[in-house]
Amino acid sequence: MIRADTLQAAPSFAGISTYGLLPHQACLDDESIEYDIGIIGIPFDVGVSYRPGARFGPSAIRQASRTLTLAGGYNVPLAVNPFKFWGRALDCGDIPVIPYDKHEAMDQIERGYTSLLQRNTYTKEFSSTKTGSQSIPRLLTLGGDHTILLPILRSIKKVYGPMTVIHFDAHLDSWNPSASAPTKEAVLTHGSFFYLASKEGLLHNDTNIHAGLRTTLGSLADYEDDDKCGFVRVEAHEIDRIGVDGIIEKIKKRVGLERPVYLSMDIDTLDPANAPATGTPETGGWTSREMRTIIRGLADLNIIGADLVELAPAYDTNAEVTALAAAALIYEVMSIFVQRGPMRLE
Ligand SMILES: [Mn+2]
């Protein structure tokens, strides 16, 4: 028999998969569990228009994330180690979602996310009755198709009010379903959730931004609907002219440094050469290097939470190329959270 305490440290290819081999706790089952950063999987993919399979995204990201701590986990460009820091990060497992009823699934996600967001932090730095401010955890969500952002924004509104969103995607995801949905059931999809979120008052009016776009349109009326959701648009090809610094500058200018902002990353922002395993692939996207640099460039923004969605691992290569990119993008955001310190809610 080998005693565990005789080993130096478990190799990163051993043990049960959690994100970055973080400790797992069943945060949804026990509301006394505290953390500063919570990883949560949402294995929902009933809103997809083309290739299904993003329900397996969370487990694929966890598996691919094993490499993150292989050499220690220190993030050189951001000068921080998101796995050794001032607080506690946990992998909270998955929100259980029913695959047979899209609307019930939305309720399950909202209930689960709300419970995880409205939780005491492990680090009490800002918890003071004197100042009236408190600490609040930051959640990193592993999708799931992009539809999950609707219930996430519903939960976020309860804490922060209408939210500013930085949306990395090949597509607008603000399509007006009244134009094309043949039934009531067809209204909510991974392409219409921003339109619905805007109608519900979940989005800030005029501070949102898309980046990485290269979708075709039904017509230019799609942009009018998108304008009404409070977005401006950065096309993927702009990187050839203004570079990654230009993309970062546009995003920062739009959202500002102080305002609470939510970061949503569709893996289809990347070129299919870098990320083939996704629901609606589009050529002409960014490389994983460019995308990671752009995310790091947002380190001085006030990011309150983030997701990585639309990884459908059945279409991945044997080398997990898409899942590795997804795990790394979450790593960059987690590094930003650690660099900024505890999240303070006024
Ligand atoms: Mn999307």
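Numbers here mean position along the shown chain, with the first residue as 1.
Cβ from N, Cα, C; glycine included.
For HIS146, ASP169, HIS171, ASP173, ASP266, ASP268, the entry in TrEMBL reads Mn(2+) binding site. With a 10 A radius on its CB, ASP266 (Mn(2+) binding site) counts 28 other CB atoms from all the protein chains.
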| field | Lowest local Cβ density (other Cβ within 10 Å) among binding-site residues: ASP169, ASP173 | value | ASP173
| field | Listed in sequence order, residues not in HIS146, ASP169, HIS171, ASP173, ASP266, ASP268 with Cβ within 8 Å of the centre of the Mn(2+) site Cβ atoms | value | HIS167, PHE168, ALA170, LEU172, HIS190, GLY191, THR269, THR280, VAL309, GLU310
| query | Which of HIS146, HIS171 has the fewest nearby Cβ atoms, counting only those within 10 Å, among these binding-site residues? | reply | HIS171
